[in-house]
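Visitor: Annotation source Swiss-Prot lists site 'Important for activity' at ASP8. The substrate binding site annotation in Swiss-Prot covers GLN71, HIS72. Here Swiss-Prot flags ASP226 as active site, proton acceptor.
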Amino acid sequence: MALVAGIDSSTQSCKVVIRDAETGALVRQGRASHPDGTEVHPDAWWSALQSAIEEAGGLDDVAAASVAGQQHGMVALDENGEVVRPALLWNDTRSAGAAADLIAELGGGEKWAEAVGIVPVASFTLTKLRWLARNEPANAAKVAAVCLPHDWLTWKLSGSTDIADIKTDRSDASGTLYWSAKTNEYRRDLLELGFGRDLVLPEVLGPTGIAGHLPNGAPLGPGAGDNAAAALGTGALPGDVIVSIGTSGTVFVSSDVAPVDGRGTVAGFADTTGRFLPIVVTLNAARVLDAAAKLLGVDHDELSRLALSAPAGADGMVLVPYLEGERTPNRPDATGAIHGLTLKTSDPAHLARAAVEGMLCALADGLDALVAHGAEANRIVLVGGGARSEAVRRIAPALFGKPVLVPPPGEYVADGAARQAAWVARGGDTPPAWSAASPEVYEDDPVPLIREQYAAAQNAVIDRTR
């Protein structure tokens, strides 16, 4: 039995799955936590990866491995391959001003969307490089190469110390602001616009490219950004829109068309198969449920029970969930807000319901944006930690207006990386067709009132800088 390894280095933790390359059956797995924060030294990821690999029984017997990970994080290296400073992660919004400046300098969002498929916001890598150049010039002067979290971990696994050997894949490169998914080329002119000079950048590999080898000689796949890996790991069919409710919320679908959205709502990323992955991202997803549970002093099961005990629309109470600023819409300094607080709605059930509906309304807005840019949307595949909430599962169909499928809980990002590794080991034009467990299906009639209430309230928020 040939084995493959899939690695997911996420914001919170590192997961390693070892699967049968032919069937996809899980053989063993490991996990280790990452430190909190929006600024983390990559050595912490490497330490967690080693712990997770050890818990998973090692990689000596695998035929191939691939690493997927959180996107956009700026890993800045000097000429010797040493980390210059802790990585600024996707959820670090200090570069919001840099993003606004970059939009203006190129002539507007439409110019960026046409050039690289995405419009600058604080999440994307180039904005962090601009922030570094302006705010830490001594560190900026040391930078010889820049890469992303999964690139760096793959490079470390290969044993190389030469920055010229760093590799990446289309999906992760497409979130940098200096690589075009449409042309499959770097835009070094945009890198120089943002950072002031050129840098060594990872080679961008195709779906089955080899990024290096493990000590046992097994090939390392190109890896992927977390959302692209999740799309591969769920085995989504054409027209299946994946809604992932993790730290961030993501709505995405594989497509043959690269969207161009000058407003920046829909990001024109690439997927793991040579196609495109239009995606809408919100900064506030499962953390909204965490915050509501904390505020009410209950666990998540009780939060779900409370939410389902209140009527649809929460009798007019609306929670706008911009708890840590927001990326979609682009409001990095916004705060959350509760509207419609009356004597009737002043109880835990209404607040719980408003929290679930507010989070889902933000994601439903993302679905609308994908469809407006040509995406096919037949069903919703709901994954991530937030999908474990019974309230989320039962309320979602009324907001999305489509059947909602919930696969069994799993490590879909790591599974996608493992499936890619099996593809690299086997070769061929398509990834292996692994069998999957049947999902639970939830259906309900749409309730337009909920979306209408949210639309009326979402612009009435307070800027945290005032």
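Each residue, glycine too, has its Cβ placed from N, Cα and C.
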Visitor: Determine, from DSSP, whether ASP226 (active site, proton acceptor) sits in helix, strand or coil.
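Guide: Where ASP226 (active site, proton acceptor) sits, the three-state DSSP reduction gives helix.
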Visitor: To the nearest Å, how far is the Cα of HIS72 (substrate binding site) from the Cα of the residue listed as 'active site, proton acceptor'?
Guide: 10
Visitor: Once the chains shown are all counted, how many other Cβ atoms turn up within 10 Å of the Cβ of GLN71 (substrate binding site)?
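Guide: A 10 Å sphere around the Cβ of GLN71 (substrate binding site) contains 28 other Cβ atoms.
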